[in-house]
Amino acid sequence: MDNTGNRFHLNLNNNDRPQFNDRAFPTTPSTFPNPIFPPQAQGAQQQGQGQNAQQQPYGTGFAPAPAGYFMNNPYPPQYQQAPQAPQASYQQRPAGYQANDATNGLAHQFSNQNLGGGRASPYGNRQAPQGPQRPRTAGAPAQQTYNSSLSAPMPNQPTQQLPEYERAPERNPDKYPSSTQANQKKCSSLAESFFKDNVKRARDRNVRQSEMEQRLVDPNQSQSRREQTWSNAGKQEGKYLRFLRTRDNPENYQTLKIIGKGAFGEVKLVTKKQDGKVYAMKSLIKSEMFKKDQLAHVRAERDILAESDSPWVVKLYTTFQDSDFLYMLMEFLPGGDLMTMLIKYEIFSEDITRFYIAEIVLAIEAVHKYGFIHRDIKPDNILLDRGGHVKLTDFGLSTGFHKLHDNSYYQQLLQGKSNKPRDRNSVNLDQINLTVSNRGVINDWRKSRRVMAYSTVGTPDYIAPEIFTGHGYAFDCDWWSLGTIMFECQVGWPPFCAEDAHDTYRKIVNWRQSLYFPDDVQLGPEAENLIRSLVCNTENRLGRQGADEIKAHKFFRGVEFDTLRRIRAPFEPKLNSNVDTAYFPTDEIDQTDNATHLKAANAAAGGQPRVEAPEMSLPFIGYTFKRFENTTRG
Amino acid sequence: MSNLFSGISGRFRRSPGTPNGTQPASPTIGTAPGAGAGPAAGPAAGTSSIHSSSSTASLAPRVPPLPNSPSLSQTMSMNESTNSHPNSDPRDPLAPYNLPRPKPLWLNDMYAKHIVKGNFMTLSTRPKTVEQGEWIAHHVVEHYRNLWNFVRVIHEKDEDGSSICNPQTCPRMSAGVNHSFTWLNSRKEPVEVPAQEYISLMQRWISGKIENSALFPTDPAGVSFAHNPGNPGISGATYASGGLDTPHSSTPIPAGPTTLNASLSQLAGPGDWLGKSSGFPIEFVEVCQTIFRQMFRVYSHLYWAHFIDPFYHLSLEKPLNSCFSHFLLTATEIDMLKPQELEPMQPLIDLWAANGTFPKDSKAYACANIKAGERLLAMSANQ
């Protein structure tokens with residue numbers, strides 16, 4: 001295939017026609033994934049300049065320039081012959097349009113009148129109309145460019161009164177009712193995601209095809225082997241196409257067990273009825289997501305999981321939806337999570353700590369390479385696979401990283417009085433009182449923490465202070481979280497744990513005073529040094545210049561990061577089957593699924609019919625995702 | 001369920017010569033010139049017998065098989081439109097189109113732009129290994145989803161129950177003053193229905209087809225692959241045994257034909273048809289062609305009746321252009337639309353061929369009159 005002829009990319013940034021800036025395709029920033037520099041609260045931008053300058057090396061090292069969502073997908077090298085260069089035919093006209101210069105003639109005035117600042121575009125970016133529309137003047141210089149015999153000039157006289165084309169009125173979206181304007185947004189985001197998804201699929205398909213062609217010309221291959229290669233490739237592509245056009249639904253899966261519950265949904269161990277394959281299926285309640293303002297987070301999670309193809313990130317096979325739920329079909333990791341492990345073992349030896357922390361470093365590094373900041377790294381989100389190795393999950397979800405960019409939410413929490421009832425699961429936890437001798441108390445705390453993990457509030461224990469003080473944050477906020485997890489592995493509780501979230505917030509903000517290493521816990525000097533280099537202000541935090549800084553720390557001396565995932569993990573899950581849920585607290589989890597609860601509630605309320613095709617509801621457009629490997633996975 | 005409309009046909013409407021889109025008072029059914037332009041009694045009767053045997057398909061737009069298609073004939077329109085515009089310059093490549101003056105906004109290159117750049121064929125070219133039927137099915141579904149994304153904008157009712165496309169704004173399923181499409185009623189008579197009703201009926205019919213797994217199989221086990229053209233040495237392997245769930249899988253059957261230049265009906269020998277190896281039924285191609293033709297009519301209506309109101313006002317013309325040009329490239333590439341069926345949108349096709357939207361090696365480009373497109377381009381530049 002002709003690579004240069006295959007360039008096909010989205011043209012959403014309207015580079016070629018600047019006066020169309022009323023069409024900035026507004027859905028992108030709000031519901032699409034975290035930009036490289038995440039949305040900051042208003043106040044945060046005041047310190048913008050200096051901070052950005054500091055972030056520079058990190059940003060360029062990890063991610064494409066933050067030019068906008070669609071620029072995050074640069075083409076693979078073979079497309080670089082003429083990267084993103086508009087085709088000649090596109091260049092021709094815009095060159096004229098861009099000139100607002102009056103000397104450029106009537107044609108431009110005319111087009112600018114038609115285009116300039118639709119008075120009421122739906123995007124809020126208005127310009128004043130550029131004056132009353134002027135009739136086109138026949139015989140003006142611009143018109144005399146007809147000179148091919150084919151485009152014989154229309155006689156000037158008759159055209160004088162009648163323009164060749166209908167005149168474009170000023171755009172007036174406000175004349176339509178709000179339902180139409182809502183449909184407008186759906187329509188433009190669906191069209192966008194259609195092309196975005198398809199360009200990516202076509203690109204991946206071409207890569208697969210050229211890989212196959214290489215195998216076909218391999219002289220060591222027997223004829224029948226080549227034939228097999230061809231037919232397998234055809235069947236896999238065909239299965240994928242069939243998968244794409246088939247609507248998935250929860251009835252295609254058999255629930256074996258509910259292995260997790262959260263405020264926004266649940267995670268079930270399921271098998272696909274058609275082929276018996278095992279998955280973890282996360283289902284999120286749309287109405288809850290909507291109420292709790294979690295939509296951007298759903299998108300972020302879906303996007304990072306869909307984009308990443310890393311052993312450090314839990315694999316997402318497909319996403320689909322119905323009128324009530326969003327579904328994510330993911331790989332099932334039978335080893336449970338690090339929180340369960342910490343509840344079981346209380347503390348880890350330094351060697352074991354080194355293993356997990358080193359793996360988490362690599363996992364966080366992988367996430368950063370995709371241009372995402374996790375922001376919610378905590379033991380519950382660190383899963384263990386069949387071999388006991390680490391994978392990250394929960395990108396901004398379910399444990400309620402509540403109203404993340406709503407700075408005022410945190411301010412309220414920080415200023416407000418602690419209003420939680422004191423007797424809830426009451427464990428008198430003030431870290432000054434915490435010593436190794438009251439581990440039992442700590443474990444009570446952990447159990448309450450599991451309850452908390454399922455609530456909307458979630459635990460703030462591992463969150464970096466800059467996230468909720470509103471001064472903006474960058475990739476290194478995940479390294480703070482790493483430091484607090486390491487503290488917990490070594491000490492037995494997270495450094496800022498407190499009885500309720502408000503106290504934890506205060507402790508985190510005042511970390512200089514509250515970070516305290518108990519006297520009766522013997523930490524190696526390198527371990528303590530690493531923790532202190534991570535749990536500190538962002539200017540001094542290790543990892544600001546990239547994960548290599550952390551890997552080079554003395555604590556990791558002797559660790560071979562490149563082969564870490566291939567060595568045997570200190571704890572390997574002992575499993576009786578591929579659907580063994582021994583490492584999940586299934587007996588603590590209500591085994592009635594949300595769909596059943598919802599059905600009961602709907603039946604009680606009389607039940608309303610669904611109105612709209614689920615994938616058409618605006619906030620969830622583009623949610624549906626289908627990974628190629630899903631059709632080929634063994 | 002209504003049994004009123006059992007058939008569908010396209011009919012050529014004589015242009016009353018009124019420029020600028022003023023609705024002609026009444027040139028109705030009888031004015032369709034020539035026998036071929038009517039509902040083509042023969043083929044319609046043929047399909048209606050199928051209809052009567054299948055009650056679930058009573059809403060089906062029945063269109064006769066392609067060669068006898070009653071849809072728009074290009075030659076007729078050429079003859080007629082040149083006559084109806086005595087003033088037009090015979091050398092003007094646009095003259096045969098009998099376009100209104102001023103010309104519609106969407107024929108202005110400035111408004112014929114896209115949200116994507118590059119070679120659309122990347123999305124339409126069948127991967128070599130993929131069986132043709134599977135590729136067609138994929139595109140039917142994708143384009144259906146795309147098109148209804150735009151239809152929803154004009155059809156969804158607002159609070160007071162009205163929609164943008166309604167029986168008052170669009171009493172007929174029109175594509176400019178020159179074209180409108182009729183349904184065949186149960187007596188095989190062409191009936192004019194408002195565009196809204198026409199499109200709704202069609203939508204129900206198409207979704208009924210797409211969701212029918214006998215027509216569009218979903219079982220991954222039934223998937224086949226395409227014949228490997230680059231490997232003549234293994235011609236024995238051009239026979240795919242079909243998936244496990246394919247009936248008669250023990251009999252080797254040729255994999256889907258892939259020669260793009262031959263007509264689809266020629267490719268399938270007796271006992272074989274396109275998509276057979278993947279489990280698509282014998283009528284699959286014909287159904288898909290009908291779906292594409294109907295979708296084309298809907299797009300035509302969107303452009304002729306709703307381009308400015310509402311799509312331009314809502315800044316949706318670029319997404320519309322992108323979806324429609326992708327639709328045209330795909331439909332022609334996989335032989336779902338014939339050149340003569342493109343007439344209502346021919347000038348836009350010409351423009352897109354001339355402005356580089358359609359790659360030169362695409363079939364859509366081959367369907368275009370480049371001179372007409374260049375003329376439009378030149379006129380746009382002088383606006």
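Keep in mind that glycine also has a Cβ here, set from the backbone N, Cα and C atoms.
TrEMBL does not curate its annotations; it predicts them automatically.
What TrEMBL lists as compositional bias 'Polar residues' is A:1-18, A:142-151, A:177-191, A:219-232. According to TrEMBL, the feature region 'Disordered' maps to A:1-95, A:108-232. Marked as compositional bias 'Low complexity' by TrEMBL: A:39-57, A:78-95. Positions annotated as compositional bias 'Basic and acidic residues' by TrEMBL: A:164-174, A:194-216. The domain 'Protein kinase' annotation in TrEMBL covers A:253-556. Look at TrEMBL and you will find A:LYS282 tagged as ATP binding site. As annotated by TrEMBL, domain 'AGC-kinase C-terminal' applies to A:557-634.
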Cβ contacts under 8 Å made by the compositional bias 'Polar residues' (A:219-232) with residues that lie 6+ beyond its boundaries: 212
Cβ neighbour count within 10 Å of the residue listed as 'ATP binding site': 27
Secondary structure tally of the compositional bias 'Polar residues' (A:219-232) (DSSP, helix then strand then coil): 10 helix, 0 strand, 4 coil
Integer average pLDDT (0 to 100) for the domain 'Protein kinase' (A:253-556): 78
